Each structure stands twice: as C-alpha cells, then as structure tokens.
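Swiss-Prot lists Cys82 with the feature active site, nucleophile, giving sequence analysis as the kind of evidence. The active site annotation in Swiss-Prot covers His186, Glu188. Positions annotated as domain 'Glutamine amidotransferase type-1' by Swiss-Prot, on the basis of sequence analysis: 4-211.
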Amino acid sequence: MGLNLGVIDYGMGNLHSVGKALERLGEQAVLVQGPEDLKSVDALILPGVGSFDPAIENLRATGLIPHLKDWGNNNRPLLGICLGLQLLFERSDEGSKDGLGLFQGAVERLQSHPNERIPHMGWAPLTVERNCPLLHSDDPTPWVYFVHSYAAVPLNSSVLAATAAYGNAAVTAMVWSGRIGACQFHPEKSSAAGEAMLKRWLHWLHQGAEPVH
C-alpha cells in the first residue's frame, strides 16, 4: 500500500532538509500549503524554524489551523519537528498566540545555567522515557542535534517519550500520544540516529500506524 506523506509549508520550515531525508529513505512528500492539499495525504510532518507567534500567524494565513486541530483530534498521524513540536502545545512563553493545543501544557524558556548556553545548540544524548514509533528503550543511546531556546512542559508527563539533559535538568526532547508525536531536535540533521528514527516512523506508518497509548 502506498503512503502519501505531506510536509506543511507555511514559510518557516526547513523543507529542503526534511525532503532530502525522506528521499534517502525512498519516500516522497507533497507540500501542504492549504486545506485542499490535506485531502491527498495520509500522514503529516510539521517542521519549524523560528519564533512561535510568527509561525502561528503564518499557519493562520494558510487556513490550516482548524484543519490541523481536526487532524489531531481525529488522531491521524502527525510528526512535529523542532518549532513544530512547540506549536502542538497550548501556548508559549515566547509569544502571546494560542498554539494548536494537540498536547496539553506550555512551552517555557530554558533556564540559564552556568555551564550551558542559550540557545541550546549541538549534539546531545537522549534518555528514553517510553517506547514510541521513533525510539525504543532497547536502542543504543542516540545522539541528536538540537537548536532551541524553549522547551515544552507537558501537563501530563505520560506523553514524554524522551528527554535530554540541559544543565541540571531534563528537558523535553520528544512527545508522543496516539498517532501524534514530535521531536524538539532535528532528526533530519541527526545523522544515522535521526535517519534510523525516521525510517522506523515510516515503517510504523506502512504497517498501519498502531496508536501508542
């Protein structure tokens, strides 16, 4: 069975890197620029680079926001990346706009720490909190690439799939609920570890996308 992937194009995503990563794994994705484009896709990727409020405004301009909320409420497959993860939450300290609210909780600025810089930029190992379609606790510890100044704080800790150390705290690196998940890091820029995660996600989709509870 063929898989129809869509990458949401709202002017703030690293579409080229995501597209190339999918191509290396033998998949093609169409750009989703408005509600009509959703009719032809089975699974979505919401990438994002930049700031929260401009991203929400750009999404609103596409007319996609109510449709993405419906997509999430119907538990259809969606993967957020970096800012894409933050947009799935209810709000962010970075701005005043409402997020998509597919995950309960808020996005908060990273706390300053003597041995860490903001933005948190570079490679870091993940701690697996629960198994999900991208990551399994039996996997070797993956090192992945981060660039962020804010991190999500889920209201329900059961959606935490992975964390990463920042200073003396563990910050959200991945969330998952049902068929909807997101990474704060960039799997498309995380070399073999990131490619393995995307490959596992694609395999999960091809196998019917069993929800994770």
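Cβ coordinates come from backbone N, Cα and C, glycine included.
The DSSP secondary structure for Glu188 (active site) is helix. When pLDDT is averaged over the domain 'Glutamine amidotransferase type-1' (4-211), the result is 94. For the recorded site, Cys82 (active site, nucleophile), the DSSP three-state label reads coil. In the shown protein chains, 26 other C-beta atoms lie within 10 A of the C-beta of Cys82 (active site, nucleophile).
Packing around Glu188 (active site) is summarised by its Cβ count: 24 other Cβ atoms lie within 10 angstroms of its Cβ, all protein chains included. If you take the C-beta of His186 (active site) and look for same-chain residues 6 or more apart in sequence within under 8 angstroms, you find Asn14, Ser17, Ile81, Cys82, Val144, Tyr145, Phe146, Val147, Gly194.
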